[in-house]
Structure formats: C-alpha cells, structure tokens
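So the structure is just underneath, and the comments pick up after that.
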Amino acid sequence: MVVSLKGRDLLCLQDYTPEEIWTILETAKMFKIWQKIGKPHRLLEGKTLAMIFQKPSTRTRVSFEVAMAHLGGHALYLNAQDLQLRRGETIADTARVLSRYVDAIMARVYAHKDVEDLAKYASVPVINGLSDFSHPCQALADYMTIWEKKGTIKGVKVVYVGDGNNVCHSLMIAGTKLGADVVVATPEGYEPDKKVIKWAEQNAAESGGSFELLHDPVKAVKDADVIYTDVWASMGQEAEAEERRKIFRPFQVNKDLVKHAKSDYMFMHCLPAHRGEEVTDDVIDSPNSVVWDEAENRLHAQKAVLALLLGGVKTGF
C-alpha cells in the first residue's frame with residue numbers, strides 16, 4: 001500500500017495510523033542503510049526548516065540540523081531571543097510569517113498548545129520536537145531501535161519505569177499502535193494522562209498488543225524485553241526536583257531491578273540521563289544498554305519524517 005504523508009503535521013503519534021508509522025520506520029531504515037554505504041540522499045535540495053527552541057536541546061538541534069544537511073536542505077535555528085514572541089507577537093502571526101519563508105517548522109516548546117497553534121496557523125508542515133504532552137520523534141527512534149534489535153515490535157514487552165511524562169505518552173501511543181505489550185510503572189499520583197491511557201487501551205485492542213499501568217516496578221519489569229526510563233524532573237520542574245527524588249527512588253533502574261527482566265533485555269533512555277538518579281552506571285553502561293544506538297536513530301527517524309512530510313520520497317519502494 002502506498003502511503004503519502006506529504007503536507008502533514010507531526011504533533012502526536014495518535015494522529016497517525018500504524019501503516020503511516022511503519023512507513024516512517026521503513027524510510028528511516030532505508031536512510032540509515034544509505035548513509036552507511038555512502039549513498040547520497042539529497043532529496044530536499046533548496047528546502048529550509050525553521051527550528052524554534054523554547055527549550056534548549058543537544059540531540060534535537062544537532063539531529064535536525066544534520067538531517068537537513070544530509071537531505072540537501074538547510075536548518076535555521078531560532079531561540080526565544082530571535083523571535084518576537086517575547087515582545088507580544090502572537091504564535092499565530094509567527095506561524096503565518098515563517099510559512100512565507102520556510103518549507104517546514106520544527107518546534108520544541110513547553111506547552112503542547114503552542115505547537116498546536118503553530119500547526120493551526122502555519123501553511124507548512126509543523127513537527128513537534130518536544131512538548132509537555134508528547135515527544136513523537138523520540139518514540140519513532142525508540143521503536144526503530146527495538147525493531148532493529150529484536151527483529152519485531154509486535155509482542156515485545158516494553159516497560160517504562162518512572163514519571164508518566166511526555167516521553168512516556170509517546171512510547172505508550174506508538175507501542176500500542178504497533179502491537180507491543182506496553183507496561184508503565186509510576187508512583188501513585190504520577191501516572192500518564194488519562195486521555196493517553198484510554199488511547200493506549202484502544203490502540204492495543206485494535207493492534208493485538210496490550211497495555212497495563214502498575215505502581216510496582218518489580219512486577220512491571222518481570223520478563224521485560226525492554227526497560228525504559230527518563231529523568232524524574234523534566235525541564236521546568238526544577239522546583240520539584242528534591243521532592244521527586246524521594247518519591248521516585250524506589251523506581252530507580254538498577255542491577256537489582258533489571259535482574260527480574262529477561263537476560264537479553266534492552267535498556268533504553270531518551271537522554272540526557274541523570275546517572276545515579278533514575279538509572280545507575282552499571283545499567284546504562286552495560287552490554288544491555290542501547291542508548292547510543294537509540295540516540296543515533298533520532299537522526300534517521302527525523303530524516304524520514306522530514307522527507308515524507310516535505311514530499312522528498314515516494315513510499316511503496
């Protein structure tokens with residue numbers, strides 16, 4: 001089946017069908033092979049991506065800039081000081097103006113509504129580079145990595161341990177759409193958004209996967225194929241950091257926890273990691289850790305997103 005994503009926004013993976021997500025993953029795999037063998041793939045010659053950063057990021061900025069360079073295009077970095085938003089210009093007007101100059105907009109924002117408003121008023125594709133609700137580009141890289149390492153996604157037990165945050169949301173959504181058995185373990189009061197839980201349950205019913213929410217990390221990771229965690233306090237939650245350290249301490253991914261998983265389990269983390277908090281050195285630096293492959297796959301997954309949304313590749317190859 002030929003799937004066209006040209007002109008689409010990528011705000012949340014719940015907006016995408018399993019077939020569309022697989023199209024992105026297959027395209028990402030193709031680009032990764034092409035890069036490895038030195039095959040040029042300058043499919044976006046003359047195209048420009050505007051990158052709006054309300055929140056700084058190493059991986060997001062570098063991977064999107066390199067992705068556009070490999071595809072023959074150009075990435076333009078815009079932080080809060082570069083935009084007129086702080087002086088009163090609305091997001092709607094910013095979106096309208098940027099649409100006259102560039103071919104796509106990637107935004108890394110605090111509030112999800114900001115990226116939704118950009119998409120509402122922009123006439124070019126808008127990509128969510130991270131919001132407080134979702135992180136779709138990270139989840140695409142995550143499931144690309146699982147597919148590479150496990151040979152499949154369907155039936156793989158993916159366990160997320162920690163805060164029910166934006167990364168958790170996207171991991172839940174994509175995994176249940178692709179038939180994984182997704183388990184989330186959080187402290188009480190730190191569960192994922194109820195709307196996302198409902199989506200995950202609906203997705204799993206349609207895909208043949210499953211979803212389970214627990215508050216016991218040991219029970220959650222039993223026979224896990226993948227153990228995933230993230231920081232306990234996200235950017236903007238610094239005031240809560242000390243309290244969160246106490247609450248999340250029993251949810252640390254360490255050698256005592258991972259011994260309950262399968263012996264060939266994979267450890268994953270979106271990075272940056274706070275070593276000694278959500279994960280210990282002996283786990284993140286172990287042979288079971290795939291965090292560096294996972295980080296690399298951000299590049300390939302985002303190349304696929306850019307090429308597909310900007311019409312640089314035809315699917316069905």
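Quick reminder: no glycine exception, Cβ is built from N, Cα and C everywhere.
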Given that Swiss-Prot annotates ASP230, SER234, MET235 as L-ornithine-binding, name the residue from ASN166, ASN288, ASN297 that shares the site.
ASN166
Counting other Cβ atoms within 10 Å, pick out the least crowded of the binding-site residues SER57, ASN166, SER234.
SER57
Name the residue among the binding-site residues ARG59, CYS137, MET235, CYS270, ARG298 whose Cβ has the smallest number of other Cβ atoms within 10 Å.
MET235
Counting only residues 6+ away in sequence within the same chain, which have a CB under 8 Å from the CB of ASP230 (L-ornithine binding site)?
TYR160, GLY162, ASP163, ASN165, VAL167, CYS168, HIS269, CYS270, GLU278
Give the distance between the Cα atoms of ARG59 (carbamoyl phosphate binding site) and ASN166 (L-ornithine binding site), rounded to the nearest whole Å.
16
Other same-chain residues whose Cβ falls within 8 Å of the Cβ centroid of ASN166, ASP230, SER234, MET235, the recorded L-ornithine site, in sequence order:
LEU130, ASP132, HIS135, ASP163, ASN165, VAL167, VAL231, GLN237
Is any of the binding-site residues SER57, HIS135, CYS137, ARG298 within 10 Å of ASN166 (L-ornithine binding site) (Cα-Cα), and if so, which, in sequence order?
HIS135
